[in-house]
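Chemist: Supplied in structure tokens, the structure appears directly below.
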Amino acid sequence: MGFFDFNRVDGGPTLYASNKTAVTVDVLEIGFIFAICILAFSFLVILPGVRGMQRLYFALKVFFSIFVLAVIMLGNFGMEWEVSEVETGVQYKAFHNEEIHATIGVKIGLRAANITLKGDGKHLNSEKIDYNERFWWGGERQWTQGRNFFGPFAGLVNREFREAQFKGLPYPILWIAEYFTLDGENIRWGRSYRLSGFYAHIMLWTAFPLWILTNILFCMFIRYGAYFMMLTGGVMLLGNILFAGLRFGPELKIPIGTTIMTFHYGWCFWLTLAVGLICVILGAIILFIDLRLPDLTGTFFGVESDPDEYYTVEGELTTDDSPKEVSRLVPSKNGPPTDDNAIYENYENPYRRRISTRGVSRFQKSRKKPVAAPRRRTARSTPSSGLHPDSAIREEPEAEADQGGNVAIQMEDIQAQA
């Protein structure tokens, strides 16, 4: 035997026996967590470039936005919406009477159920018992229920259960997976979880673009950003309600060995519920502050406030169901003030209101119209008569009534001469 002949057969390449290992972590969840951490670290690197208090504001906005985004994605693809775990003695495989003492866990997500079986030692010819199997009932491949039984047109979970039987998986895994294949009478746990998971994952996918729009709107229109934040939280809460409310039939309890597996909500459910409530409450607070203290929200979100960001709308004063305009009226000159014409310039309209136009003035023309100065026209002279025949003399606002009459008489004389 030469130095490089170890594990070689007939001069071929080195062959090693297969070393099958159980799944220790959910690769998809870990991938999302690493992606979110990289994104957060990228913003952390540029944080020292922000000056003053804006550094704190920027950090709060960015990290909260990334956190909500991570919760939406982990809630959508996570497997801990319902969980259960027991330790018991069970039969290991079919046609073997030997029992093993093992830890059995079940994690139910929106698309599949994950079943683990881990023994507390070596059994059956020093075999290490450590299994982790996943049974899908929805996802990219199929969300339909399919036919009953295990044919080619059956549901996805039924076909995967039949494949697990051919692979010869341990008896406890097959026993638990079989509960999700039953679909008759009032025993429809597979259909129930598939239906609730489908609508819950639709709500979480809806919350994803809504949250992206929320971040964009907070850079332009704070009020609309608050609206979309509350809408995002409401959609997340609706996903929790649909997951918990669309389930029907008896509660899932699986007797196995000497104990019974009972299920309870996992961290995916509670984290999605908590973040949804936070988004709704925080959006309402931001909306209230923006209505009362717009400068404060403008400073926090970095939205510049224009000097003409507010305009005034004059309303109407209604008395005895008859409206009266009070914004441009002046005291009457026809006599002493009466109950009908006693309206003064300094009357403050109780219906005046301030309307915010933050952000709009950058894309639209100003709603303010400049007040035109009063024009004063005077008569122009001609060589013949000294006055143009088509000219008119406009009385001055300060002129007396008799002075206006004299000007009218002069105009009639000029026209007669022409």
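Sequential numbering from 1, following the chain as shown.
Cβ coordinates come from backbone N, Cα and C, glycine included.
The model shown is predicted, which means the values in this text are computed figures rather than measured ones.
Copied straight from TrEMBL:
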type     : residues : note
TRANSMEM : 30-50    : transmembrane segment
TRANSMEM : 57-77    : transmembrane segment
TRANSMEM : 198-218  : transmembrane segment
TRANSMEM : 225-244  : transmembrane segment
TRANSMEM : 264-289  : transmembrane segment
REGION   : 315-342  : region 'Disordered'
REGION   : 358-418  : region 'Disordered'
COMPBIAS : 364-379  : compositional bias 'Basic residues'
Chemist: Out of 30-50, 57-77, 225-244, which stretch has the largest tally of CB pairs under 8 angstroms to the transmembrane segment (198-218)?
Modeler: 225-244
Chemist: Are there residues at least six beyond either end of the transmembrane segment (225-244) with Cβ under 8 Å to its Cβ atoms? List them, or say none.
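Modeler: Residues 68, 72, 75, 81, 110, 196-197, 199-204, 206-207, 210-211, 213-215, 217-218, 265, 269, 272-273, 275-284, 286-287, 290, 301 contact the transmembrane segment (225-244) from elsewhere in the chain.
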Chemist: Which sequence positions outside the transmembrane segment (57-77), separated from its termini by at least 6 residues, show Cβ-Cβ distances below 8 Å to it?
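Modeler: Residues 28-29, 32-33, 36, 39-40, 43, 47, 50, 109-111, 201, 204-205, 207-208, 211, 215, 218, 232, 236, 239, 268, 271-272, 275, 279, 299-302.
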